Amino acid sequence: MGVTGILQLPRDRFKRTSFFLWVIILFQRTFSIPLGVIHNSTLQVSDVDKLVCRDKLSSTNQLRSVGLNLEGNGVATDVPSATKRWGFRSGVPPKVVNYEAGEWAENCYNLEIKKPDGSECLPAAPDGIRGFPRCRYVHKVSGTGPCAGDFAFHKEGAFFLYDRLASTVIYRGTTFAEGVVAFLILPQAKKDFFSSHPLREPVNATEDPSSGYYSTTIRYQATGFGTNETEYLFEVDNLTYVQLESRFTPQFLLQLNETRYTSGKRSNTTGKLIWKVNPEIDTTIGEWAFWETKKTSLEKFAVKSCLSQLYQTEPKTSVVRVRRELLPTQGPTQQLKTTKSWLQKIPLQWFKCTVKEGKLQCRI
């Protein structure tokens, strides 16, 4: 029943469980009773959670911050769809917050956009902000756009995740994943809660086989970036391009790239050659691979936490993470509205607590 049943899955199934299941396993080792019970595909608030929420959160030392990628929510990750979630705006200062652990990302993005006059659209990354460290595919977009604003923000309030730092804005030429920052509550402060230390980074992580990590950069050219008339081209080489469509998966683009090279269908002049893909061609190749590693259950399930009640000003919502299924006849799912996140409303000051007349009183 419940969590215990999950923990008895065969060994090969463990490899395909998602981040949330590992969170449950880690908590299972921390507590003597289960963190939650899964019933009707819904993770219910457990007695442990209620206990922690009632009177045990005495210091932010008990919080562990985790970056969660939006692609786990089933949002469309192709470049045309993803870029529609971002927009330029002035008058809002950028915010940066750190997080301690995160997921590996299937899709990351890297933008180099200029205005028509040649000036830069995006600010350079401040000192200490490095690219997201674990991306299977990096979608590198170069091009031009009006860029009507000082910074590029996420229209739905999510963060841009960098290397253990999450920012509200996009930095020039710095790889990021879309996500939010969540907090795990521990019964007491634990320094060694995350037992796996960060991998020792080789000089070039993408080529060192010992790192067990491989990343592929896919290049695009954009015109009218950030407008409703944006046009994207997938770059085969500096003179050969393919018109980009939302239905193209990274695996399909890589196969397309290989086909252009081996079949000799590249530009052999000084002019630009642009190909268009036949609408009847199935482009869903490889889409299952990512979701096999991300899936948690075959149906939707919700994760509830008392943290949402600490500084809640809007109606309470649950964060829903769902596996997206694609049939052979379907293209990628349309852009989904991500849940408005209360995670960003949690103040990051220290809690100062004292016991007065037998009651725990905390102030910020």
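Note: Cβ is positioned from N, Cα and C throughout, glycine not excepted.
Cross-referencing C135, C147 with Swiss-Prot gives C135 as the cysteine bonded to C108, criterion being a recorded disulfide. Counting other Cβ atoms within 10 Å of each Cβ, the lowest count among the glycosylation sites N228, N238, N257 belongs to N228. When the disulfide-bonded residues C108, C121, C135, C147 are compared by the number of other C-beta atoms lying within 10 angstroms of their own C-beta, C147 comes out lowest.
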